[in-house]
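**Student:** After the structure tokens below, expect a handful of questions from me.
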């Protein structure tokens, strides 16, 4: 008798994706982040669902309802902080996952990579709208500043912003629709993640060497299930420590002040995971130029497969490219730091240099480095 997991219509999909899936024998812990992102998404949907049971998306009561969740709901504080810090863990895993893809040349799987970039955009949109919901000072002013950027679009900009706001300023209509979108988007993200996996399983996983691994495959279960569980335990421990010891470490104290349209906070800044893009936005003195740079800073990931000039797929055997990659990582850390600083000398200049360098490394320096390495292979 054939095993039920190989014959049952639903079970065989699970079987071919998570049990009998042929996986390269040499994939390192950098390949754990896909499963960690899945765990993050499930955790965010579940905690978000329980928060939505007690939250009210009305400007008069939103802030109070979040306070009520933290004070009066059983373990409401835990659910709220798991959700808020879970978003930070989500982005840490996302950035590491994308970084792994860049380093090991996983972007050569075009469909998987492009859907991944779409996923990144969708998660960023979800996180932005979620930040608005508590209706604190930073929620309100963050929403005002970021949505206002759309007014830079020629001709239709102003109408577009007022259409998104549902009025002439960020108000009740804006909060209600942001709540609706924040609720539905994670399910769209989950569906996209399914398509992401579908395309990945068409080709099979890449591996650190970047070479074809068809001759040396092992089943996903038990080898990588146990490895993923270890990764999950480490992530859950980190998240638990963050939530239970310093839940507000990554948040902004201004968000504990109820939204006041008559009082602007001294420094408007988004959550830490958007600071690199915010720094790029601020480094261009022109509004439309800034918005374009902001979008392109993420959209540039789409054209990375076109910029691959190396003869080897992975950076594992390309020391010069490795140096450029780590300089890019350092540049992103610099941008993140600058995004959280006030707009004054020397931060403005550092931000402008780091922004130029970011695009220069990706568009010019890395492809040229790869070409030089190709020549060195002949020696």
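Even glycines carry a Cβ here, placed using N, Cα and C.
Annotation source Swiss-Prot lists transmembrane segment at 33-53, 77-98, 113-133, 178-198, 226-246, 288-308, 320-340, 347-367, citing similarity to another entry. Under the heading heme b b562 binding site, Swiss-Prot lists 83, 182. The heme b b566 binding site feature in Swiss-Prot is assigned to 97, 196; the stated evidence is similarity to another entry. The ubiquinone binding site annotation in Swiss-Prot covers 201, and the record cites similarity to another entry as its basis.
Could you tell me the structural context for the features on the list?
**Tutor:** Around residue 182 (heme b b562 binding site), the same-chain residues six or more apart in sequence whose CB sits under 8 Å from its CB are 48, 126, 129, 130, 133, listed in sequence order.
Packing around residue 196 (heme b b566 binding site) is summarised by its Cβ count: 21 other Cβ atoms lie within 10 angstroms of its Cβ, all protein chains included.
Residue 201 (ubiquinone binding site) falls within a helical segment according to DSSP.
Outside the transmembrane segment (226-246) by six or more residues, the chain places 29, 32-33, 35-36, 39-40, 78, 81-82, 85-86, 88-89, 93 with a CB less than 8 A from a CB of the stretch.
Nonlocal intrachain contacts for the transmembrane segment (288-308), taken as residues 6+ away from its ends with a CB within less than 8 angstroms of a stretch CB, comprise 98, 102, 105, 107-108, 110, 113-114, 117, 120-121, 124, 149-150, 152-154, 276-278, 280-282, 355, 358-359, 362-363, 366-367, 370.
Among residues of the same chain six or more beyond the transmembrane segment (320-340), those with a C-beta under 8 A of the stretch's C-beta atoms are 99, 102-103, 269-270, 272, 274-280, 282, 310, 347, 350-351, 354-355, 357-358, 361-362, 365-366, 369-370, 372-373.
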**Student:** Of the stretches 33-53, 77-98, 178-198, 347-367, which racks up the most C-beta pairs under 8 Å with the transmembrane segment (113-133)?
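**Tutor:** Stretch with the highest Cβ contact count: 178-198.
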**Student:** Given the cut-off of 8 Å on Cβ pairs that are 6 or more apart in sequence, determine whether the transmembrane segment (33-53) and the transmembrane segment (178-198) share at least 3 such pairs.
**Tutor:** yes
**Student:** Between residue 196 (heme b b566 binding site) and residue 83 (heme b b562 binding site), how far is it from one CA atom to the other, in Å?
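**Tutor:** A Cα-Cα distance of 24 Å.
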**Student:** Around residue 201 (ubiquinone binding site), which residues of its chain at least 6 apart sit with Cβ under 8 Å of its Cβ?
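**Tutor:** Counting only residues 6 or more apart in sequence, the Cβ neighbours of residue 201 (ubiquinone binding site) under 8 Å are 16, 17, 21.
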**Student:** Could you round the CA separation between residue 97 (heme b b566 binding site) and residue 83 (heme b b562 binding site) to a whole angstrom and send it over?
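**Tutor:** Rounded to the nearest whole number, the Cα-Cα distance is 20 Å.
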**Student:** Provide the number of Cβ atoms within 10 Å of the Cβ of residue 83 (heme b b562 binding site), excluding the reference atom itself.
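**Tutor:** Around residue 83 (heme b b562 binding site), other Cβ atoms within 10 Å: 21.
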